Amino acid sequence: MATVDDLKFQEFDDAANLLAANPDATTISIDEPVEIPKNQHSHLQEPGREEDDELLGTDDSDKTELLAGQKKSAPFWTFEYYQTFFDVDTYQVLDRIKGSVFPVPGKNFVRLYIRSNPDLYGPFWICATLVFTIAVSGNLSNFFIHLGKPTYHYVPEFRKVSIAATAIYAYAWLIPLALWGFLMWRNSKVMNIVSYSFLEIVCVYGYSLFIYIPTAILWIIPQKVVRWVLVMFSLCLSGSVLVMTFWPAVRDDNRRIALATVGTIVLLHALLAVGCLAYFFDAPELDFPAPIIPAHNGT
């Protein structure tokens, strides 16, 4: 039977004595952190999924989006709710404008520029600037065409501002709304790896219209060949941004539906550019009647 001394706790002051008694014992120091191999849970990445991972985002971006979703959003009837849509700085807007003017092949515009912080500041002011640029340039083009004709009297056409605003803002909001609804409907039938929110689609369309601002200024040149070359060049740049952005969202769908969707996006984009050029700049010249000079009576 064990004595009282055997049941007492013993203090092990000298670890060397224990190691001498059992040299094969494993020791762990609480001062040194236990290193876990980094590649313990890593998996081999398939080469065919690199593009998908790029479109979906990295783990850091996913954590950022999850943290952003945990933030309490203000009610939609308050000013703070809409203030978040304009929370961008000048450098972000300029970076997104450069990305829309100089698209990089194989890169997703939303993934590179928009997804971290979609905004309405850039699209709103780009559309507003384009409205006044087209209206003013159309009036100047009409003035230069008829300049020097004695029967022509310049009258500013302010109605062009309202017509341009209706066409551009309807395109920049209604087309993204229809496209967002279509993508949501197709995603319920075909699971795509890439999906966009309505705000992200509005950002893409808004920033893609920036190239038409300098183009509208150059449309003042009274040469139809130069104008059509400019509109085709601008259409290729801005259309490529839309194609590279929305093709990953529909490529997993039926082949005909995917091609028809991308073709419709490019067609509507081309109709806007050609329609603005034809209505505001290539309007037929008016035949002004010769002034009637009253005959003087010699008597």
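Just so it is clear, glycine is given a Cβ too, placed from its N, Cα and C backbone atoms.
Over in TrEMBL, the protein carries these features:
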REGION    32-59  region 'Disordered'
COMPBIAS  49-59  compositional bias 'Acidic residues'
DOMAIN    101-273  domain 'Yip1'
TRANSMEM  120-141  transmembrane segment
TRANSMEM  161-185  transmembrane segment
TRANSMEM  197-222  transmembrane segment
TRANSMEM  228-250  transmembrane segment
TRANSMEM  257-281  transmembrane segment
> Are there residues at least 6 beyond the ends of the transmembrane segment (197-222) whose Cβ is under 8 Å from a Cβ of it, and what are they?
Replying inline: 85, 96-97, 99-101, 109-110, 114-115, 118-120, 122-124, 126-127, 129-130, 133-134, 137, 140-141, 144-145, 168, 171-173, 175-177, 179-180, 230-231, 233-234, 237-238, 241-242, 245-246, 269, 273, 276-277, 280-281
> Counting only residues 6+ away from its ends, which parts of the chain sit with a Cβ under 8 Å from the transmembrane segment (120-141)?
Replying inline: 85-86, 88, 93, 96-97, 156-157, 160-161, 164-165, 168-169, 172, 199, 202-203, 205-207, 209-210, 212-213, 216-217, 219-220, 222, 276, 280-281
> Who are the chain neighbours of the transmembrane segment (257-281) in space, where the CB to CB distance is under 8 Å and they lie at least 6 residues beyond its ends?
Replying inline: 134-135, 137-138, 141, 160, 163-164, 167-168, 171, 175, 179, 182, 186, 208, 212, 216, 219, 227-228, 231, 234-235, 238-239, 242-243, 246-247, 250-251
